[in-house]
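In what follows, a structure is listed as structure tokens, so that the remarks can point back to it.
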């Protein structure tokens, strides 16, 4: 579709609900830092009309969008082109409207996770990693984790068949395996909780033996206080606990880089969000 010259390029995040989204603040801060001229808004898409909502946005100078729950799988189906990461994740959180009007989909969730792990831990090479959960958040994280240089990824899930299905998808990309969640006995260097258990104050049913003094525990959830998973990990002597706020900012930075071809700094935005969260 033809573009109108000299207009501020529009970006947005689509979700339902969407009022809680921090994406407009994050991308506005990224734009200011990098000297980019753009607008970024939150769009509440009807549950049964995401495609129509996005296409209307694209037809009105929409250049790109983030996608959050519950539309990531619908966004995947909407795309004319997919990155390898999006293809394997089976979900899209970043849409780009190309010059010829085609829609390209990417998934930056796992990139945000790995970037935050590296920001906190440095080199990930050689680490033994346990991933709890086999839903969309887990699936979007497997390839970036395997590409990060870790020694081995073990996936556990309440329903083991789902964990085994993920292993089948990614087995050719690195050393990845699954275990019954009740059979995990050894300690790990990094344990990642990709489930939403902390939102209800619960902890996945894994053995305390998975945690040693050197273990880093990472919860994709975040809040004003430590998450239930991270509190549990601390009580068992985990060496470090990290919540998912940095992952949120990291995935946004990866999306911004795809659209604008410039990589913004994560730290100032993360510090601002953390200050507001605990303030």
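Cβ coordinates come from backbone N, Cα and C, glycine included.
The shown structure was predicted, so the numbers you read here are calculated from the model rather than taken from an experiment.
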| task | Quick one: which of 48, 109, 116, 123 does Swiss-Prot put in the shikimate site with 21, 22, 23, 68, 93, 222? | result | 109
| Assigned conformation of residue 134 (NADP(+) binding site) - DSSP reduced to three states | coil
| said: By a 10 A CB contact count over all chains shown, which of the binding-site residues listed here is most packed: 84, 109? | reply: 109
| field | Listed binding-site residues (22, 23, 136, 161, 220), ranked by Cβ neighbours within 10 Å, top entry | value | 220
| request: Compile a sequence-ordered list of residues in the same chain as residue 134 (NADP(+) binding site), six or more apart from it, whose Cβ lies below 8 A from its Cβ; state 'none' when nothing qualifies. | output: 155, 157, 159, 162, 163, 165, 166
